[in-house]
Structure formats: structure tokens, C-alpha cells
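Working notes for the structure below.
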Amino acid sequence: MAGNSIGQHFRVTTFGESHGIALGCIVDGCPPGLEISEADLQTDLDRRRPGTSRYTTQRREPDEVKILSGVFEGKTTGTSIGLLIENTDQRSKDYSDIKDKFRPGHADYTYHQKYGIRDYRGGGRSSARETAMRVAAGAIAKKYLKQAFGVEIRAYLSQMGDVAIDKVDWNEIENNPFFCPDVDKVEAFDQLIRDLKKEGDSIGAKIQVVATNVPVGLGEPVFDRLDADIAHALMSINAVKGVEIGDGFDVVSQKGSQHRDTLSPQGFGSNHAGGILGGISTGQDIVANIALKPTSSITVPGDTINVDGESTQLITKGRHDPCVGIRAVPIAEAMLAIVVMDHLLRHRGQNHGVSTQTPKI
């Protein structure tokens, strides 16, 4: 079955291609009565939107979202919410040279072999353009989580290439085009992007995404563990090649006495587990990191083949991000929000009346 949907109780289904007429999604399962407007969704969409700075692709899409259904007099009705964003700045001629060639490092070859046909314009369905609808749907989840439960989901760029942050100031993130929480690293990020543009190359990145005030108890062992679904959602983002929950791969060198998060009446002594134990939220911050590969859409020539299997070379034309990690920050927030929202509704449906004598720490 086609993999265009995510979630069970809060379910998001997206459609559309990079150079198609429009992008869209259907959001099922949102509780009724949530005050929501196009302006609420637009805030996050503008953070992801292309062409907003010299550090990202210069494709200029307004990404103005339209709410087609599921909202009446400013409130959700409990029915399917239909969202639509029109594509307005396609330059399909930029891709005429790759009609019969496969861009190395992209999904061209695999889509062609799987479906026997591919939309070569900007990558079609495999383009990160599709994530605009995830961000729109995620904005609904973020607002509900914040209003109903005080859950807040935020992310930041923690590393680009060899440049890594040394500190986190949440108030600094929206003050620069890199979503960087360390003001002392902004200039280094700026210089790195400038150098990459001169070279016609790209670079990878790392993003940390955090959910605070998540209730204890979310997650459905054993196959729908909360961390498993988070990893699934984050890995579904274009260019993501690695996901860590909590300390992630650092646990390899840790001892049990160091890694375990001790408990006391005052709370947990640490959060190496990233807010999840046994696939269930602990009530601590949920912390995840994602690693994004450098985009293969670069002007450095690369070896490839054409549809006939013949050797050739390719220089990618078009408008592309030197570092896709920059605009992936709001996408990571959206995907974590969608998963937490889904699990919160699932937990409420099955375990609403559950209580224990043990105090929540």
C-alpha cells in the first residue's frame, strides 16, 4: 500500500509533487473545538518557506495555505481537515536535461525502477517540497498540544558540517536564518554557506528537536513504542540518514551506572533515555537528534547513467539548498508533534481512567 499517511488516531495524508499544480493534505482525528486559522498554520510555513534568505533555495513560493474543510466559524468540527497550497514558482525547464538521466544521490533511479515512470521535474513526489504539508498539519498538532496539555515542541540546528554549537539559548533561535541557538556560531554558519556556494557544493547538518511537558504514559508497546514511531516519523523526512533518541549512539561507550536515569521523590536524576523508557514517555523532555545528508543537487559534475544504462555525467541545474538542514528545523518539529498528538489521543482512548497511587515525578 502506498505510504502517504502517518498516524492512527491523528492521521495525516499528503499528496502532490514539486512541480505539480498544488500540494495538499487531509488531517483526520483532530478533536472538535480547537480554534484554528490559516494564519496559525502560516507562521510555521513561513519558517520553512523557500526563498526567504540567501542561505536557502531561491525558489520563491508564498506557500499560502488554504483550509478547505473541517473548520467552521474558526473552530475544528471533528471532521476531516483539508489543506491546500498552490505551487506558483515552478521552473520545469531547469530539469529538461535530466529527463533521461538519473541524478546521483537522489531518488530518480529508485522511483524509475519501482514505478516504471517518474516525474523528473524537481524530483516530483520525492522532493522536499512535499514537506510543506507536513508542516501545515504539524502546526495543528502543535497548537492543540500547547493549548490542551501545555506541550511545547521546538527544534534547532545544532551542527552544520564541522561547525557545532557550544550552547543553547532558545530565545536566539528565531533571531537568525539558521535556527541556531548559539549566537557565537552564526557567523561561522554564514561563512560556511558562502564558501559552499562558491564551490557549488553542499553540506550535511544535525538538528535537535525537543518536546517539553509531555505527559507520562504515551506509547503503545511493543511495536508502536513511542520512540519507534518518533524514529519512523523523523526518518521519513527527506535527506535524514540517522535518528537518535536521548543519548543515541553515545550509549555505546557509557556504563550502566552512568546511563541509567535514577529516580527520587524529586524527579529523575538525568535524562539519558531522552524521555522514553520501555517505549513509554516518562514525563521528562523528549529529546531526539536527526542527521541530514548533504543534498546531491550541486553544480560539481557527477558520474551517472541514463535510462538506457549508458555512462554519462550530470551537473544539476535549478535552485537548491546548500544545506537542507536549515529548512528542516520546522519539519522536524511538525513530525514530532504529529506523533505526540497521535499517541496522546490513543492513550486517552484506552487509558483515560487509569490511575496509580505512585506520584508522578
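Backbone N, Cα and C define each Cβ position, glycine as well.
Taken from Swiss-Prot, the feature NADP(+) binding site covers Arg48, Arg54, and the record attributes it to sequence analysis. The feature FMN binding site is assigned by Swiss-Prot to Arg125, Ser126, Ser127, Asn238, Ala239, Gly278, Lys293, Pro294, Thr295, Ser296, Ser297, Arg319.
Overlay of Swiss-Prot feature records on the structure.
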| residue | record | Cβ contacts under 8 Å, 6 or more apart |
| --- | --- | --- |
| Arg48 | NADP(+) binding site | Asp63, Thr131, Ala132, Val135, Arg327, Pro330, Ile331 |
| Arg125 | FMN binding site | Gly16, Glu17, Ser18, Tyr111, Asp119 |
| Ser127 | FMN binding site | Glu17, Ser18, Asn238 |
| Ala239 | FMN binding site | Ala128, Leu292, Lys293, Thr295, Val324, Gly325, Ala328 |
Number of Cβ atoms other than its own within 10 Å, given for Ser297 (FMN binding site): 20
In three-state DSSP terms, the structure that Lys293 (FMN binding site) belongs to: coil
Neighbour tally for Lys293 (FMN binding site), based on other Cβ positions within 10 Å of its Cβ: 17
